[in-house]
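What TrEMBL annotates here:
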type     : residues  : note
TRANSMEM : A:7-28    : transmembrane segment
TRANSMEM : A:34-52   : transmembrane segment
TRANSMEM : A:59-76   : transmembrane segment
TRANSMEM : A:108-130 : transmembrane segment
TRANSMEM : A:137-156 : transmembrane segment
TRANSMEM : A:186-202 : transmembrane segment
TRANSMEM : A:237-261 : transmembrane segment
TRANSMEM : A:273-298 : transmembrane segment
Amino acid sequence: MSARLRGYALFAGVAALFLVVAPLALPAFRLDELAKYLCFAIAALGIGLAWGQGGMLTLGQGVFFGLGGYAMGMYLKLHDAGGDLPDFMVWSGVDKLPALWKPFGNPVFALAAVVVVPVVIATLLGVLVFRQRVRGAYFAILTQALAAAFVILLVGQQGLTGGTNGLTNFYDFFGQDPEADSTQRTTYFVTAIVLGVLYLLARQLVKSRFGRLLVAVRDGEDRVRFLGYNPATVKTITFAISAGMAGIAGALFVPVVGIISPSLLDVVPSLELVVAVAIGGRYTLAGAVLGAVAMNYAKTSFSEQWADGWLYLEGALFIGVMTLAPRGAVGVYEQVRDAIARRRKPVPAPPTASEVPA
Amino acid sequence: MRKPFLRPLAAVLLLPVAMLTGCGGDSKDGSSGGGAGGNTVKVGILHSLSGTMSISEVTVKNSELMAIDEINAKGGVLGKKIQPVVEDGASDWPTFAQKAQKLIKKDKVATVFGGWTSASRKAMLPVFERNKALLWYPVQYEGLESSPYIFYTGATTNQQIVPALDYLKEKGKKRIYLVGSDYVFPRTANKIIKAYAKANGMTIVGEEYTPLGHTEYSTLVNKIGTAKPDAVFNTLNGDSNVAFFKQFKSAGFDAAKLPVMSVSIAEEEVKGIGVANVQGQLVAWNYYETTPGAVNDAFVKAFQAKYKGAVTSDPMEAGYNAVHLWAAAVQKAGTTDVAAVKKAAAGISLDTPEGKVTIDGENQHVYKTARIGVIQPDGLIKEVWSSGKPIKPDPYLKTYPWATGLS
């Protein structure tokens, strides 16, 4: 069996596990939790693309996650209100629907906005930042500041955004009750399929000429520029794609968990996403997905087992992975594989990716 | 050619397998009936045990667990022991929603005691309403809510904020400055305060919000100095109070010069702020550690025997009451069934540390006595005014003519 075929067989196996085995074996609310992990996995996939492949350490991915989530939340709120004001506007003293909200009453507009708004904002930011050759730690700090500023904006505009509470209490998700078991199953399938499709697309992108150019930009931006390419364009496009993925993840999160609030977009959750990618292994897309699912699963099970001290366990997990396996779980797998190969036939070790600056 | 990035998918395979094995137990739990099954009654305790809110919420968790122990020591409810299932809301509202779902669907708890911030309550509300499950919420809040699946054992606005304003008015404070953290409780509270001021000949000379966790207050203190108010109404929450009162004091203000009425500072918080900074300032609650009565003496003694050096505060007491009120309703109903408990709960009266409380069946809030207190040099709070009798809860302020148009 060729490596290519083997890869597809493996993907089909994972897909079958998530689409057939998991729904049969898990009770509805566990499936709902798995759907939440998959939402984070979609956002992590974007980070894997931007950071792992493109070397752009984005610490503010929560912003795009939030933009997607709020676009979805605003539609659902308006739909529930049925022509009246959404509940939180009433208690925040808003008399008439703000102009910003009006177009979100249309489901097509709202669903388009889920992707378009994050992509447009990321593109604008990318054009401004990458053309000025801002990179490395400066880019990371900039994105983090963006997340912090965005949260302050959302919390401050209570009448417009629901403030700290965010948007919650949805009664009708495209004709279904979002808390019903059947709806939770449906949203799970949608999330899993979206993740699968986005993974295949991202993999195709990484394998393409563009993908090689992206890795080249990560490993030697100046050299790529001297060869006549424009690294700013490559980075902007990748950053916009990763923002779009985060937007989709945020939109799916709303029906899955039933709330979108500033606490999800803040610096800490944004960092958690990056940490998840690091744990899984940032140099492969599957590592990013694996990391997000594994870390969120660990979070749930640790906190259920040990409600008083689970955060220490999570911290220990992160420190352990970072010190023992800086390239993440996938890195460990590769190290073991290389070690076995070396023992069989001693060859000089290939340069590892960890020698490459992020 | 090798494709190293495909192989890691194998690792992804392992994860759902782990989940499946982990969840094999879930379905077993589910079929055994949970809630009232066997010889125990499971109840959920859902507070933030980590994150910014944990400092406050852990104390409520402790008092709720103590109430459960007390009931179990007397034989439990309906002859069964109460078994608490503790979960961490992690100061994160979506986590509250998911953990509530877990408690209801997996553990099949008979009821849940939990929440502190309004945001956590708003996040849990749809989960409880849609699953027809019961939540007991133990903290004073901004009112304008009455979910059929929530019992509110803390004060609503007419049992805390309105009496605090009455007190300021009685003392002749006409110019009020509003300081609050930027979230739903302070904003809604201030909306009510402004309506009250308008109808009662008071002037609001300033209104400022700072983000939760904000610690730079010198500008704000300067602004207060320039506006020359008679009193400050403080709805700041958490750590911000420490910075605010320190800078307020170092700018030369004290309780005699400019009184501050706070609605989120209880005994626990006084310890954190430092008594020297808040001594003599006013607070509004329904219960203090010093509230007289045999029930409170026993409560304080039991709590301090269990947690050395601890103080008792209003939200802790409301959480403690919630457990006892629920147990009384279950005994009366003869079952833990939610509809029956809701029905039985209406009109239940208990002698609690704060005095007599009664559940209002109509809005599922409780009758509570309002108390204004002054912070003492020893860190405890002395009552200087009380409503004398429990006030009927009115979450929508329907009985106050000046409040029309607020909800």
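Any Cβ shown, glycine's included, is placed from N, Cα and C.
Just so you know, TrEMBL annotations are computer predictions that nobody has curated.
Among residues of the same chain six or more beyond the transmembrane segment (A:186-202), those with a C-beta under 8 A of the stretch's C-beta atoms are 11, 15, 18-19, 23, 31-32, 34-35, 38-39, 41-42, 45, 48-49, 173, 176, 178, 241, 245, 248, 252, 255-256, 285-286, 289. Among the stretches A:34-52, A:108-130, A:237-261, A:273-298, the one making the largest number of Cβ pairs under 8 Å with the transmembrane segment (A:59-76) is A:237-261. Tertiary neighbourhood of the transmembrane segment (A:108-130): same-chain residues 63-64, 67-68, 71-72, 74-75, 139, 142, 146, 231-232, 235-237, 239-244, 246-248, 250-251, selected by CB-CB distance under 8 Å and a gap of 6+ residues from either end.
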